[in-house]
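Structure record follows, encoded as structure tokens.
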Amino acid sequence: MKSINLSGASHAEKRAWIWKQLSEQDIVRGALPEMSDDQSSVNQAWYIRILLGFAGWLGALFMMGFVGIGLKFAMDNLIAGICIGIALCTLSYTIFKSAKNNDFAQQFGLAMSLAGQGFFILALFQHNHSQNSVNALVILVFEILLTFFIPNFIHRFLTTMAAIYAVYFLLQESQMASCLQGLLAIGLASAWWSTQILRQPAIWRPIAFALAIALVMSEGGRFVSWFEIHSAQTWWLKNGWYLGTSMVNLSFIVSTLLLLRREQISFRSLLGVWAISGALVIAAFAYVVTGLSAASLLILIAFSFSNRVLLGLGFIAMLSYLAHYYYQMQVTLLYKSIVLAVLACTLFLVRLIVHRVFPQSPFIVEPMEELNA
């Protein structure tokens, strides 16, 4: 194909030029198809799309304000508040289905849905405040339905986060909140390694990203609640986080095994033994360094699926967890330095032992051989 400078050309001119080049190569035939209204909206300049999205939110907020004033009486009744919330979410679903690529309509529908969820949740807790566990369970089911039915990436991400918070509330009521990070890690690994994320990426990718961010937040939340956990009176509240960390470690080790199997690397090979040994060492030190295995899980999944966003999140989480561990005040600086030094030396020792036990491996290339090749 001929190279030409199209930096100053309009989108229509770029489409026409690309279609002409494809036609000359006999890749496509016929006339250039016309763009639909939805496609033209998506292909507009980014600043126009931002203005359209802002206008959608502004219009929705004004409408919600007038509706809220007019329907203020509805908040005095449980059924009325729930019905208004469901009606707004249903209207949002209709908007999303009818205008899939219209920025104004998409943002307007998103604001409508969030307002509907607000009506629904506020009505539940305002009139049924004595049964918080039941409220959280109802909200969990409601958010799951919205996640699967309303076709929008941002909306699915937000409803998944809301569902995760409902799960946290249920676990908190049953004094098992320390298991949340373990459940999130298992869900994260299951979502990314499942074939459903390839078959239905529009549904499962926002869910997977929400699980990843929630995992980082839940591990970070342990920094704040450290004194509360270790000053608890009951054994479970004080030691339950060991179970959560064990679940995260299990997800990390299983993900390592799945990656080796996908790459057709034998578990008994040098590279396989080294990878499994390294995963076990990291899992062991995760009981001392909070969040170590969770960040390693994010980095491993990001590397496995070539996801830069998840990789950046994993590295930021790793640096944050290590920095917080190093500067926290409940143990001495000498103790923390020893722990980090032992972790590094153990990883190097594992590598040395693996090389001694498995001296020959097709996966190991010497530096000089690699340069000569």
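Note that Cβ sites are derived from N, Cα and C of the backbone, with glycine treated the same way.
What TrEMBL lists as transmembrane segment is 46-71 (among others).
TrEMBL lists 46-356 with the feature domain 'DUF4401'. Predicted-model confidence for the domain 'DUF4401' (46-356) is 83, expressed as mean pLDDT.
Feature annotation from TrEMBL assigns transmembrane segment to 78-96 (among others). Only residues 6 or more beyond the boundaries of the transmembrane segment (78-96), in the same chain, are considered here, and those with a CB under 8 A from a CB of the stretch are 71, 105-106, 108-110, 112-113, 115-124, 126-128, 146, 149-152, 155.
What TrEMBL records for 108-125 (among others) is transmembrane segment. Counting residues 6+ beyond its ends, the transmembrane segment (108-125) has Cβ neighbours under 8 Å at 56-57, 59-61, 64, 74-75, 78, 80-82, 84-89, 91-93, 95-96, 99, 132, 135, 138-139, 142-143, 146, 150, 152, 154-155, 158-159, 162 in the same chain.
Taken from TrEMBL, the feature transmembrane segment applies to 137-154 (among others).
The feature transmembrane segment is assigned by TrEMBL to 207-229 (among others).
Cβ atoms under 8 Å from those of the transmembrane segment (241-260) belong to residues 178-183, 185-186, 188-189, 193, 215, 222, 229, 266-267, 271-272, 275-276, 279-280, 282-283, 286-287, 293-294, 296-297, 300-301, 304 of the same chain, restricted to positions at least 6 beyond its ends. Annotation source TrEMBL lists transmembrane segment at 241-260 (among others).
Annotated transmembrane segment per TrEMBL: 272-303 (among others), in sequence order.
Taken from TrEMBL, the feature transmembrane segment covers 309-327 (among others).
Under the heading transmembrane segment, TrEMBL lists 334-354 (among others). Long-range Cβ contacts of the transmembrane segment (334-354) within its own chain (Cβ-Cβ under 8 Å, at least 6 residues beyond either end) map to 270, 273-274, 277-278, 281, 285, 288-289, 322, 325-326, 328.
Under the criterion of 3 or more C-beta pairs below 8 Å, with sequence separation of 6 or more, the transmembrane segment (272-303) and the transmembrane segment (309-327) qualify as touching. Within its own chain, the transmembrane segment (137-154) has Cβ neighbours under 8 Å at 89, 92-93, 96-97, 100, 106, 109-110, 113, 117, 120-121, 124, 160, 162-163, 166-167, 170, 202-203, 205-207, counting only residues six or more beyond its boundaries. Tertiary proximity for the transmembrane segment (309-327) is limited to same-chain residues at least six positions away from its ends with a CB under 8 Å from its CB atoms, namely 209, 212-213, 216, 219-220, 223, 289-292, 294-299, 301-303, 333, 336, 340.
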